[in-house]
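The active site, proton acceptor annotation in Swiss-Prot covers 12. Here Swiss-Prot flags 40 as active site, proton donor. Residues annotated as GTP binding site in Swiss-Prot, with sequence analysis given as evidence: 11-17, 39-41, 332, 358-360, 443-445. Among the features that Swiss-Prot reports, IMP binding site is placed at 12, 13, 14, 15, 37, 38, 39, 40, 127, 141, 232, 247, 330. Residues annotated as Mg(2+) binding site in Swiss-Prot, with sequence analysis given as evidence: 12, 39. Annotation comment: Swiss-Prot describes 326, 327, 328, 329, 330, 331, 332 as substrate binding site, evidence class sequence analysis.
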């Protein structure tokens with residue numbers, strides 16, 4: 001069977017920890033979209049592992065698959081694999097031959113485009129890792145796929161077609177001299193060919209490439225369990241998110257089918273677990289109706305740190321929750337939980353269960369609020385509007401909950417749900433009721449043993 005893990009908010013919900021939590025019953029963990037822009041942290045046997053491309057389950061000795069919906073930077077991939085091996089692990093990672101490859105010029109173009117957007121306050125908040133430009137080339141039918149790295153003739157043909165186009169973009173559209181860039185070799189066919197053909201040789205030598213759909217289907221047919229791991233979150237989905245402040249792929253459950261080669265029926269017959277942070281965070285620009293305080297350069301109209309409402313509360317949550325980007329180190333914007341957002345995410349992906357993380361971060365507050373509904377042009381909305389411009393005009397209608405005290409969270413995790421403070425349980429049960437979806441797990445700390453497990457999906 002399959003279990004699909006979907007971020008229900010704006011990313012950084014703690015998906016990797018839930019993948020790890022249920023990992024003992026899994027044979028294969030497959031990522032179905034994104035690239036090395038999606039950082040996740042896994043704590044295993046007291047050791048912390050920060051990954052951006054290797055699937056979380058590989059830390060526990062499971063087979064990790066990067067599906068065809070992913071974009072793969074072989075530099076990052078092999079750096080992570082080599083680092084894990086140096087720490088005594090031996091990750092088994094397979095790469096879909098249909099997955100597209102992030103090439104050096106993608107990263108350069110990503111940086112140029114974001115810098116130009118920043119001059120007009122239209123920046124999306126990209127990590128600069130070439131994800132968007134790679135997906136653009138995929139849609140434009142000029143990309144290079146992992147399977148191409150295995151065939152030198154095909155690889156050279158692809159590069160000789162696309163690289164001159166990219167040089168022309170830099171020189172004729174952006175009016176820059178390629179030779180004066182920090183990495184002029186990023187636009188050199190021979191340099192790219194030599195480096196990426198070597199990556200192809202390593203893929204072959206280590207038998208890493210697969211036909212992902214066929215591989216995963218055979219795994220399921222053998223009675224094994226497959227976990228499908230999404231990156232980022234629903235609200236930055238290219239179709240269902242707050243466009244244009246989105247990623248370039250589909251983190252929602254629908255992307256699990258297209259990004260692995262499994263049928264929608266197979267994915268739909270399994271469990272779909274939405275991962276919910278007990279409050280809200282965001283990296284980058286765009287609306288955030290329940291925001292507390294702000295971050296200069298990200299929060300619209302926010303020009304001086306410390307000027308926003310509830311700044312002290314925002315800093316408290318940010319520090320208690322360690323709310324800084326895994327990949328970029330950028331401070332995350334923080335806000336109260338947003339129920340219209342979660343209702344939207346639940347509908348889009350059809351969650352059969354949710355996992356609520358970071359409940360402990362809110363402990364010690366006198367009052368905890370939730371954005372229960374929005375008001376837009378005098379009308380109350382229970383779910384997000386379709387356009388970002390409408391969302392930016394929404395005002396949150398809050399519901400208040402009495403806070404809960406700090407407790408020994410490790411003991412609470414061991415004893416189970418009934419050991420939670422009563423007010424914390426009221427908060428959890430409100431979320432379950434509003435989404436009509438049970439909480440399968442409740443995270444009360446960063447470690448695997450600091451999660452209350454109420455339901456095993458496998």
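Every residue, even glycine, has its Cβ placed from backbone N, Cα and C.
Mapped onto this structure are the features recorded in Swiss-Prot.
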{"residue": "11", "record": "GTP binding site", "CB count, 10 Å": "29"}
{"residue": "14", "record": "GTP binding site", "CB count, 10 Å": "25"}
{"residue": "39", "record": "IMP binding site", "CB count, 10 Å": "19"}
{"residue": "40", "record": "active site, proton donor", "CB count, 10 Å": "25"}
{"residue": "328", "record": "substrate binding site", "CB count, 10 Å": "17"}
{"residue": "329", "record": "substrate binding site", "CB count, 10 Å": "8"}
{"residue": "330", "record": "IMP binding site", "CB count, 10 Å": "16"}
{"residue": "331", "record": "substrate binding site", "CB count, 10 Å": "19"}
{"residue": "359", "record": "GTP binding site", "CB count, 10 Å": "28"}
{"residue": "444", "record": "GTP binding site", "CB count, 10 Å": "26"}
List, in sequence order, those recorded positions among 37, 40, 127, 328, 331, 332 whose Cα sits within 10 Å of the Cα of residue 14 (GTP binding site).
40
Please give me the recorded positions out of 12, 17, 328, 331, 359 that lie within 10 Å of the residue listed as 'active site, proton donor', comparing Cα atoms only.
12, 17
Integer Å distance between the CA atoms belonging to residue 12 (active site, proton acceptor) and residue 444 (GTP binding site):
16
Among all chains shown, work out which of the binding-site residues 37, 127 has the most CB atoms within 10 A of its CB.
37
Within 10 Å of residue 12 (active site, proton acceptor) by C-alpha distance: pick out those among the binding-site residues 39, 331, 359, and say none if nothing qualifies.
39
Show me the subset of 328, 331, 332, 359 whose Cα is within 10 Å of residue 127 (IMP binding site); these are the binding-site residues I mean.
328
Counting only other Cβ atoms and using a 10 Å cut-off, which of the binding-site residues 41, 232 scores lowest?
41
About how far apart, in whole Å, are the alpha carbons (Cα) of residue 232 (IMP binding site) and residue 11 (GTP binding site)?
4
Specify the nearest of the binding-site residues 37, 39, 328, 330, 332 to residue 359 (GTP binding site), where nearness means the distance between Cα atoms.
332
Work through the binding-site residues one by one (328, 330, 331) and name whichever has its CA nearest to the CA of residue 41 (GTP binding site).
328
Compile a sequence-ordered list of residues in the same chain as residue 332 (substrate binding site), six or more apart from it, whose Cβ lies below 8 A from its Cβ; state 'none' when nothing qualifies.
12, 281, 282, 283, 295, 318, 323, 324, 325
How many Å lie between the Cα of residue 329 (substrate binding site) and the Cα of residue 11 (GTP binding site)?
14
